[in-house]
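Residues or ranges marked as active site, charge relay system in TrEMBL: 134, 209. What TrEMBL lists as active site, acyl-ester intermediate is 233. Taken from TrEMBL, the feature coiled coil covers 23-50. Here TrEMBL flags 86-563 as domain 'Amidase'.
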């Protein structure tokens, strides 16, 4: 007996030591990654200091105040040099990341790209434009971490297609921005590089997963950024930070690396809900210019899976009145009063401008979100997602979701049975967090995919019956207080829906939170004044002055029409 106890004690001690050593290895890797980042920052700061001595602060501020279209015009004609523009933004990016922790790494090769474009006779559409890119968009010689320790060992061997096309068009990728761990959050925090805050209010989140992009652009440290969106990851940071952002039809730009090289843990789910790449900027014209630059022969040749459809300038520039469907609630997760107000005011402005507005009710949104969207992500009960945390420290903002996935299937089934009498939204919300049904066979998986296609067909049929051109609808906002996004995964139904449908969708800021909005929020009950409704109320309270946005949607492959509608909304909101 004593020998058995000694053996057991020795095994427990060995296990404890093994776990301790594992944690030490993780900590060492994270410290090395942070040290590499900090060294890069110091090098850039030194280069920027030398630049400051040559160019006045007024000139640097004037350059950064230029809209992208005016900036590109001056770069093309030669009245501004790419070097001055690059260093003006490097300077500001350093300042913004000190305030918000939005940068994961500077790209020192931007100097080489600068020298490269200065030797070109032909000037691309983005000649001399500094561009920031999201952490996981592959750049040669750099990591694509997704905020995961397991991704800290592999440097990209080549530029992704998107980065190659940006460079071909004369752009200068100069920084990679921070993301939430595993990209599965609209908070922006990971254990390696820490939390990113909103430049408009440090107590609030910039959104996610393209939160570093949102913070950097909103803080003035970048004029154009590239994000990705699989559930709202471009549109939510745009909403939270007061930016314009476009999620195209996923296949319009495609992914950025061949499948075996993709660092994104969700890349294996691309068959169900594809991840879309898209631009983020301060105005709609910038998004349109970026799409025009990317949709070129270089893109089509480098990636034959991208349909060779150039940007249709005629559609974007059209002034033909539109037939606009609208709704201010999706019937699933009621948004704060200010977001619904934004839709109503925009609707009235569009009507006054001569557009035709038609009430549109998106079909069966609770079913679409819980039974279609989330079931696709967690078809295996979340096992594929849990795998990415092997040998890693889980970020606090993700612990509740990770623990839910770890819950044994039998426990989930028992909870489902116990809660079955509680129909309506409470069940749906709980189901999203802990009891998402899985696909237990290949046949069930095929049937699930069929159900998604049926839903898309029904949605498009309803759209066509009303003869709609575009749809105006709400987006989640205003910016949540830090820590709340992890408590309200279900609140992003407004953006999730259009990932499921694979429709192009963009966000445009149209207003700010007012004192009247705050007073109305005090009366907010949501759907049934349940814990989730009350948590949302807490998340957005005290946001006076923060941006308020709307969402603009078009049918698949109609990015130009979506952007044209966004431009109309932007113009009307600025004319108020």
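Heads up, the Cβ atoms here are built off N, Cα and C, so glycines get one too.
Note: TrEMBL annotation is automatic and uncurated.
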Mean predicted confidence [pLDDT] for the domain 'Amidase' (86-563): 90
Other C-beta atoms that fall within 10 angstroms of the C-beta of residue 233 (active site, acyl-ester intermediate): 33
Cβ-based isolation winner (fewest other Cβ atoms within 10 Å) among the active-site residues 134, 209: 134
Separation of alpha carbons, residue 209 (active site, charge relay system) and residue 233 (active site, acyl-ester intermediate) (Å): 5
Cα-Cα distance linking residue 209 (active site, charge relay system) and residue 134 (active site, charge relay system), given in Å to the nearest integer: 9
